[in-house]
Amino acid sequence: MESELGFLVSVLVICADITAAVLGIEAEIAQSKQQQHHHARQQHPRHTGCGRSPSSGAFSEGVAAMVLLSIVHVTANVLGGCTYIRSKQDFTRATANKILAVALLVISWIFFAVSYSTLMLATLANSRSNRFCSLPHRWFFLVGGIFCLGHGLVTSGYYVSAIAAKKEDKENVQPANTSRP
């Protein structure tokens with residue numbers, strides 16, 4: 001039962017991150033179409049406000065991708081548990097699965113930070129507010145989407161290795177209260 005749940009969670013993590021990546025890529029396409037439409041309509045090169053044309057479709061798809069990415073990241077970290085190594089002595093006694101889980105947890109957070117921040121920058125650049133006029137927005141949805149794919153693979157690997165490390169820890173623990181006859 002536990003292995004079936006692990007497989008299901010891994011597949012859901014990967015599918016949700018693929019969906020977030022697709023949303024990011026679709027947002028990039030919507031943003032590009034809006035810019036092409038804006039440039040085709042302009043006959044005279046003049047700047048009104050900040051001279052950009054935000055795409056509401058790109059904005060909403062960017063928000064959806066960020067929300068989905070956050071849900072996946074939190075879910076995998078909560079279900080995978082807190083895998084850590086406190087000291088050098090813990091490191092020398094740790095199993096390969098535990099070391100792998102810790103490494104993938106760190107890499108997962110890096111992928112999350114990069115993908116979330118690039119999606120956030122691109123989404124803010126497509127907001128209607130003029131406060132974000134100076135934000136760069138070129139290719140950020142695409143980069144965020146690509147990092148979402150990497151996040152899915154790394155996070156799924158983290159979840160599987162964390163569950164395997166927990167299982168090994170349970171098997172290696174000797175009962176403290178063994179009564180002798």
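For all residues, glycine too, the Cβ spot is worked out from N, Cα and C.
For 1-24, the entry in TrEMBL reads signal peptide. As annotated by TrEMBL, region 'Disordered' applies to 34-55. According to TrEMBL, the feature compositional bias 'Basic residues' maps to 35-49. Feature annotation from TrEMBL assigns transmembrane segment to 63-87, 99-119, 139-160.
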**Q.** Spatial neighbours of the transmembrane segment (63-87) far in sequence, C-beta under 8 Å, 6+ residues away
**A.** 9, 13, 16-17, 19-21, 23-24, 27, 94, 98-99, 101-102, 105, 108, 112, 115-116, 119-120, 123, 144-145, 148, 151-152, 155-156, 158-159, 162-163, 165-166
(Q) Should anything in the same chain at least six residues away from the transmembrane segment (99-119) have a Cβ under 8 Å from its Cβ atoms, list it; otherwise answer none. (A) 20, 24, 62, 65-66, 69-70, 73, 76-77, 80, 83-85, 91, 140-141, 143-145, 147-148, 150-151, 154-155, 157-158, 161-162, 164-165
